[in-house]
Amino acid sequence: MSIRLPHSIDRSASKKQSHLSSPIASWLSSLSSLGDSTPERTSPSHHRQPSDTSETTAGLVQRCVIIQKDQHGFGFTVSGDRIVLVQSVRPGGAAMKAGVKEGDRIIKVNGTMVTNSSHLEVVKLIKSGAYAALTLLGSSPPSVGVSGLQQNPSVAGVLRVNPIIPPPPPPPPLPPPQHITGPKPLQDPEVQKHATQILWNMLRQEEEELQDILPPCGETSQRTCEGRLSVDSQEADSGLDSGTERFPSISESLMNRNSVLSDPGLDSPQTSPVILARVAQHHRRQGSDAALLPLNHQGIDQSPKPLIIGPEEDYDPGYFNNESDIIFQDLEKLKSHPAYLVVFLRYILSQADPGPLLFYLCSEVYQQTNPKDSRSLGKDIWNIFLEKNAPLRVKIPEMLQAEIDLRLRNNEDPRNVLCEAQEAVMLEIQEQINDYRSKRTLGLGSLYGENDLLGLDGDPLRERQMAEKQLAALGDILSKYEEDRSAPMDFAVNTFMSHAGIRLRESRSSCTAEKTQSAPDKDKWLPFFPKTKKQSSNSKKEKDALEDKKRNPILRYIGKPKSSSQSIKPGNVRNIIQHFENSHQYDVPEPGTQRLSTGSFPEDLLESDSSRSEIRLGRSGSLKGREEMKRSRKAENVPRPRSDVDMDAAAEAARLHQSASSSASSLSTRSLENPTPPFTPKMGRRSIESPNLGFCTDVILPHLLEDDLGQLSDLEPEPEVQNWQHTVGKDVVANLTQREIDRQEVINELFVTEASHLRTLRVLDLIFYQRMRKENLMPREELARLFPNLPELIEIHNSWCEAMKKLREEGPIIRDISDPMLARFDGPAREELQQVAAQFCSYQSVALELIRTKQRKESRFQLFMQEAESHPQCRRLQLRDLIVSEMQRLTKYPLLLENIIKHTEGGTSEHEKLCRARDQCREILKFVNEAVKQTENRHRLEGYQKRLDATALERASNPLAAEFKSLDLTTRKMIHEGPLTWRISKDKTLDLQVLLLEDLVVLLQRQEERLLLKCHSKTAVGSSDSKQTFSPVLKLNAVLIRSVATDKRAFFIICTSELGPPQIYELVALTSSDKNIWMELLEEAVQNATKHPGAAPIPIHPSPPGSQEPAYQGSTSSRVEINDSEVYHTEKEPKKLPEGPGPEQRVQDKQLIAQGEPVQEEDEEELRTLPRAPPSLDGENRGIRTRDPVLLALTGPLLMEGLADAALEDVENLRHLILWSLLPGHTVKTQAAGEPEDDLTPTPSVVSITSHPWDPGSPGQAPTISDSTRLARPEGSQPEGEDVAVSSLAHLPPRTRSSGVWDSPELDRNPAAEAASTEPAASYKVVRKVSLLPGGGVGAAKVAGSNAIPDSGQSESELSEVEGGAQATGNCFYVSMPAGPLDSSTEPTGTPPSPSQCHSLPAWPTEPQPYRGVRGGQCSSLVRRDVDVIFHTIEQLTIKLHRLKDMELAHRELLKSLGGESSGGTTPVGSFHTEAARWTDYSLSPPAKEALASDSQNGQEQGSCPEEGSDIALEDSATDTAVSPGP
């Protein structure tokens, strides 16, 4: 049976009927007797898309249903692979309500074809969310006898009525409709009764709305409508049939509408919005504002030929598609259509990078704005889009970016450059437009609100109004971004829309309860928007808020819930249906209520006037208990795409305030993956769910005590003083120079920012730390890592803020700021600040990672973080932003002080103090940075140790790796780490994670989550059977680092050890720069490990803190009083040369150090048994070699350079022991201050080693070289006629770098020590042999005590005669023992030399009075002691040279092996003569080179005897010395 509609209803307002699978369908079937038998006509033509049609093939119909999961799940089961069928359907379940039947074949799930998918894949797709969109193929459902209504599951429509307007031309007549029936309804009388009641209420509401619309109509029309709509109350009470019979148009409209909104099976969207949109546009409505008026506000069209669209009638989508296609073709057309642009912006913000489009739009506004107003906009465009760290940075050519930057800095107009930048991003924008067009062709345009554009018809007014409505949905999308991105996006959209003239209509006034609730929160919404400042009075706040609303169209939607329709979260089915069902309680609905479009639901679902926070429906499948269903939702729900509508938004606020036992899965999956706190506006919008969720302190922080709330009130942000001049009077500023004004500005900035930083620390304490501690949200250990010493840090900054306030109270002008700065950053205050700050900052990265983990795993902690970070005192900053404020503050201090120094007059005491304070700030920052780095490295080492697997190493037999079977990485300090590739052979490589520790290199192999310590082997060179095993752990004191000549990314680590043959590791970095970093750090670590082989040196007599030298007897001690402890004492060397101090400063330091405590004596046997590290030859340690010879116990494997260093040190110590009485400073009488002293050193070789141009006694320029009596000789110079071999050691550096490359000569003695000591000159005799006299003979000159030492009055010619002249080619000395003892007590009668004297005097200790010679046997004990020292040194030197010989032989074997293989395919076989020779030249010291050459000539000879090895190091002339050791 069919229903004939009256002629007053326009055909164009009708739509296809949705699927009726509820008790409503049962009730509708009873209406079959209401109409006459006039048949409706349908169009025979139909052109439907596959997803929209009902395909009938062999009795089967393809349809689409959308199922919403309820508390029992989806309510059906599936079976089969490839052909997946519905096996069973639960009666009354979600699937049955949606129209799923047993035996239906599933074609698509959520748009994905499943015809080739397995059973498990289909089930997984269906369970991927709370909604499932299924395309089914099955038998056609039974029909109901209602004509004009089509029950197609894929189509849901609502009959629309229009105001009375001139109708368009009628369409052609339609053929009779076909009748398609739906599934049988549920037989529930209560449900039918309830549905009938709802329809009656809707009918009354329609009458009232029509009466409101009728007055503007003509009198005749009004009488006609009243005649049709006058309903007798008695007739209404008698039953619905009579009312429906008299008013068929209204009843059918209600049937259409209620079939969608009241059907319990339609809690989820079961319709395709694309179909609704296109059907609605089949015949465009003329002259009606359909986009603004909801259904119940529109009148009835007086069209003379109303027709309803038949069930099989299709529509012509050409007009709308063509119009939209034209607009969506390029950006120029979009800019002129704001509504279409907002739809495109919704797509961009959901699916693409919004930066290029927003940059283009803002630049467009800039182009059309006058230069005065566009100046600030240009800076905003730079900060948002073009700066290096801009939140929405776009990629434009660097030249354009630099030009824009330059013009903005110079206050020039960058319009032309911005035009070019727009063209640069236009290509990417066009690609985004094409992407959107492709999605439109797939029917996805409705997801972004394109349905709302159907009735615009090119009307600019309606288009502008539609754009205003679309901005609401845009605001919801923006609210899901993080704050640092959402605020710039909001600003950019607001800028263009304001320029385009888009304004929002004033929303209707809310109810009293809403006003009362929203009033206290007004101020809390304002900080969400940029450049909104707090004002002092409430009137100003309200005025600014109103201005913001006018400027920012989005503010009306995201500010606070002004009206019920605006407070609805779009897309929430529960709210929409509940909203509609309770609408009858409002007697007079307002016609201006706006409709919000979600893009994924039919428009009519959203048309309502009010909202209620309760659910009172009790029908089958209703939303009763929906909150419990959502709370119990399991965590397997996968996150929906950002383009999808958030179905759970309205229930989110309730979930935020659940108990601690709520399931973690109830949280939004998106919030778990991206722990961004909700904004204040977003929290406010949720207040529609619970009236008590207003954004106030007692709700957000329910557990804070009253005193805490009082402290929070003290934390209100103070008004930021932008300009110091605004805080003082103009008369004060008028009397100051511009430089002083700038200085006061910087000082004021320091004060204000320090107070702001203190507020930030208090926020951390009150809102986070105190609550976490009171509520036991974190264990004490974790809390101690996150806030280790926060109260101490607050106290430090608070004390300084108080001091600054007192300083400010003294007057508006701060005259001298240096003393407070020094008081804060120097002395004990500096130590306290750097220690507390380092402790606070060290574990921040570890603690923040812990917080992220807890947020993912613990729902209670996640809720707390959301609440706390949403507090207004946090100023939209998250915990991770607040906790790093201390580190950021430390970096600001040097910059602020530098600016103050810049505006402070130089040369004043204040300037010097400020410079010192700045330097101390940098030291504090450096200290904290190092502490943070070490803590992070230690944390990473702990992680590596947990994953370390050394089982393979425990089973290995490699002796090198035996001691590392129980390796503990946490006991060492990590220097560097990173991935490297190990080329084991030509065809085998291995990816490694390499750790560089302070004494080890660890090669870790990744295997899943484990890190393996595993030995690897390869075939040895020259043998096909034997294999060489490589240890994964290398000691740094036994390795060499070399670069690979044929690969700029590779380097060698060569391990030399007594436990096995040399091993070569070829490691390849990712880039050449990485390789350089690795080599630099490795060489430095090798050098440090070589200085301290094995374990750290054990100091025999530890010096007091701060001392750099052993404590001496003071200025009264003489050289005769030297004891064993002084001879053998070693000290901890400095890491590097002190910067800045010259000779004078060094001498002063030594004089101060020399006043320390006496050094205790030790037995010589004990000294011989303890290992020694060679003292540094740098800086201050060079001058004590006569008193600090090194005893190195060769107990472990040593690097070759270490042996060479030690041997050379012994050579120097031996020379000084022999010749100490002849060195400068032991004169017969005291020299006058400032008088230059002649060089008394008898040999050129000694001069060349012990003097340098930068010594105090040598001014640095070359003296007259008429003979060899001068102390100073320029580096590298040599007397004429002198044999090079004689002084071969004279020009050798005392040590080498670990890389094997020899540096320029370094200081061999410490001038400061030389200037602070006293020395007798007659302890024993030294006989010099002159090998060649001027006449050609050989003679000898005996020097005995001080009588043979020439004084300063002797001429150079006399000295030349004694020493054999300048042509002497070599000298040799031997010791002649004195006959009697030497008096060891001399009393001082003078004062130490003045600093000026130190420049001219030699740096050796000087005697304050003339030496009084003593005869006899008084010096026998000293001589015997010195002889023992000499021979002990010679013995140690012999051992070291033997070891050096062995190292040289091992090195030669290593070079031979390198020549025999190509190093994993990178080093050619024939490259030994180049690379090996280069290594030989750079790695061997000159004495070792001579030994190597000698060994090469002798063939298989094992090496020279100890005497020969000693002679190599000691030989200074052509004649053997008398001090050469015996066997």
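Cβ coordinates are placed from backbone N, Cα and C, and glycine is handled just like the others.
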Going by Swiss-Prot, point out which residue in Thr38, Thr676, Thr1391 is annotated as phosphothreonine.
Thr676
Ser288, Ser668, Ser1251 - residue that Swiss-Prot labels as phosphoserine:
Ser288
Where does Swiss-Prot put phosphoserine, among Ser268, Ser1258, Ser1394?
Ser268
Per Swiss-Prot, the candidate from Ser30, Ser336, Ser350, Ser1517 carrying the annotation phosphoserine:
Ser30
Give the residue counts of the domain 'PDZ' (64-143) per reduced DSSP state, in the order helix, strand, coil.
13 helix, 32 strand, 35 coil
The coiled coil (461-487): mean pLDDT?
81
I'd like the per-state residue tally for the domain 'PH' (973-1087) from DSSP, helix first, then strand, then coil.
19 helix, 63 strand, 33 coil
